[in-house]
Amino acid sequence: MSSRRPFIVGNWKMHKTVAETVGYVAEFASHLPSSSSGCDMAIAPPFTALSSAVAAAHGTTLQVFAQNVAAEGPSGAFTGEVSAAMLKEVGCQGVIVGHSERRRYYGETDAVVAMKTRRALDAQLLPIVCLGETLAERESGAALEVIARQLRAITDTLTDADVHRIVIAYEPVWAIGTGQAATPDIAQQMHRHIRAIWEATFGASADTLRILYGGSVTADNIAEFTALSDVDGALVGGASLSPSGFANLVRGALATSPASQGV
Ligand code: PEP
């Protein structure tokens with residue numbers, strides 16, 4: 001059984017003001033079960049609320065991640081961009097990179113996602129690198145190959161020192177925001193595939209690599225995923241926006257995850 005520590009991350013996307021963020025963190029903390037020390041938890045608010053989220057979460061185990069980072073850095077003429085060093089300065093512990101909405105709406109290629117991952121690592125931020133196939137890719141039988149291609153773009157750029165400082169999220173595009181989560185069989189098969197590629201590239205560090213599932217995860221279905229041997233937590237969009245709902249989701253993950261039960 002896995003000894004990997006579960007990790008539950010809420011991706012807020014373009015939701016919540018500073019005031020809403022501060023209120024959320026206080027309410028979330030009040031709903032958390034005492035067993036929540038058994039897993040890692042993070043929220044990823046918009047850039048404008050990061051600093052306030054860090055201040056509000058001070059003294060709790062809730063971590064704050066950004067949703068995006070500049071591919072360039074550490075500074076320069078890149079209007080509208082925010083560098084990894086800037087995220088580190090405001091107290092972020094990590095950053096989501098390569099989310100499918102970034103790939104689809106903002107044209108982020110595998111190469112750009114690899115550059116962003118590098119920037120995060122160099123700034124001592126934990127990158128959560130998102131991989132996922134579209135419905136058309138799945139229906140044409142290309143899902144495994146698409147994920148392998150997206151993953152290799154990252155592994156090709158990593159050094160031995162990096163391999164313990166990265167989290168992967170498998171997020172099938174067709175499951176994001178649709179209410180149609182992947183089946184546990186699909187999730188387990190893809191997570192195993194990712195771990196096998198990692199093992200072929202980096203050997204035993206595959207045992208400690210955390211791979212999160214994302215795509216219509218809720219408090220009602222989280223247990224189906226965290227019970228799987230190669231699923232180490234979840235990246236959660238819509239269901240992370242309510243503090244009580246997200247706390248319930250954490251509770252569901254703790255109830256099933258082997259590592260959080262010390263086995
Ligand atoms: C996401 O945006 O990363 C996500 C998984 O969204 P949702 O949980 O709403 O499907």
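Glycine is no exception: its Cβ is also placed from the backbone N, Cα and C atoms.
Predicted automatically and left uncurated, TrEMBL annotations should be read as such.
Here TrEMBL flags His99 as active site, electrophile. Around His99 (active site, electrophile), taking its Cβ as the centre, 27 other Cβ atoms fall within 10 Å, counting all chains.
Glu171 (active site, proton acceptor) counts 27 other C-beta atoms within 10 Å of its own C-beta, drawing on all protein chains shown. Feature annotation from TrEMBL assigns active site, proton acceptor to Glu171.
Residues or ranges marked as substrate binding site by TrEMBL: Asn11, Trp12, Lys13, Gly177, Ser216, Gly237, Gly238. Non-local contacts of Trp12 (substrate binding site) by the CB criterion (under 8 A, 6+ apart in sequence, same chain) comprise Ile43, Ala44, Pro45, Pro46, Gln67, Ser240, Leu241.
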Look at the binding-site residues Asn11, Lys13, Gly177, Gly237, Gly238 and tell me which residue has the greatest number of other C-beta atoms within 10 angstroms of its C-beta. Asn11
Tell me the Cβ contacts of Ser216 (substrate binding site) under 8 Å, same chain only and six or more apart in sequence, or just say none. Ala175, Ile176, Gly177, Thr178, Gly179, Gln180, Ala181, Gly238
Find the longest CA to CA distance in the recorded substrate-binding set Asn11, Trp12, Lys13, Gly177, Ser216, Gly237, Gly238; express it in Å as a whole number. 14
Cα distance (Å, whole number) from Lys13 (substrate binding site) to His99 (active site, electrophile): 10
